[in-house]
């Protein structure tokens, strides 16, 4: 979806550049008359004029235009741009593509008695056409000034581009767009409404394209005959707006706002493309527009490019990891002395934590004392005393210390097992024919099991007195 957004924005930028390249050509004709700002002169016949800004274009001039007004008793119009691009001898590939677009979708040439013409850093030429060569007219050219409509379009374009995500997820935008689409483009609205009944996606796209074409033709027809419709058929127009608006609102209210993630992303991309178009019509100086759009595209595409670069790097490192030999970490076993030292350290730390926990104000001391066998020993432990007695320590050292009973059993068991193994090897070397049938089996010296002291229950013994269970009413005697 991010790639689709970038493609839509780039396509919008190219279309805007094609349109701007047509009307911002540098015309330098020897027979054109130079005019200055805030000047009014009388002329006759069709002729071309060139206006020079006279000053360097500044940042505040990107929303500025100059106004050309012609007044006459007959139909005299201002034509801008005065001619189309030379498609017979194109200069570059962009001109060829622009000519191709111009051939199938010709742009409209402005023919009005008053025009707002944008500023460029070269002379701007326009033409005054009159029906006869002796027709006189008055031409008035004003200086550059801030075009409020262009500035408003620029602000709206920025708002749509940066706020497209929040706007598309707004319920107000959903209902407003649905009602407007139902009124203006009824065929498109009905096609989207009946989408679930169309079996194939290709057929749906064909129907959507046909509905869009019919809606466009209807809008063009209404705009061409707007005056007659408003004056003669205003009641029918009002009834159509009310009925289609209420029906569209009811359908939108039934289905609710859009929650599909892909649809919302597509709407966001379309909204950003509309914002780019508004920026194009809001900025009158084309270089400033292209710089701004380049910055916006970089801001939009950089996160996608960064994620793509990180994905490529991760794949490359994963590919290199297949050829690198994994080294297993060397593990060193602890010695007996290190094992004893770590045991003492961790035991001391655990005892300190236990002592700290028992000295807290919220510790249930009385309940704990009632459950202990020797509360005095527990109190001495809390006063930084030892957790074992001297006798217990001596018994532990005698059993597990150096020269203790535990290591003696281990040593003797190992020696007994080695003697048994040697006896087995000698018995295998004897002949198979010399078998002693009555010889008793040799018993293996098994290691004596480790004797552990009996466990001591920390809770005091409590005598259990069984309580008689009450009899049910059904079990009682009736006599």
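For all residues, glycine too, the Cβ spot is worked out from N, Cα and C.
These figures come from a predicted structure and were not determined experimentally.
Between the listed ranges 107-127, 128-148, 149-169, 233-253, Swiss-Prot ties the annotation transmembrane segment to 233-253.
Looking at 28-48, 49-69, 70-90, 301-321, the stretch flagged in Swiss-Prot as transmembrane segment turns out to be 301-321. Residues 204, 207-208, 210-212, 214-215, 218-219, 240-241, 244-245, 247-249, 251-253, 257-258 of the same chain lie 6 or more positions beyond the ends of the transmembrane segment (172-192) yet place their CB under 8 Å from a CB of it.
Within its own chain, residue 69 (N-linked glycosylation site) has 113, 114, 139, 140, 141, 142 as residues 6 or more apart in sequence whose C-beta sits under 8 angstroms from its own.
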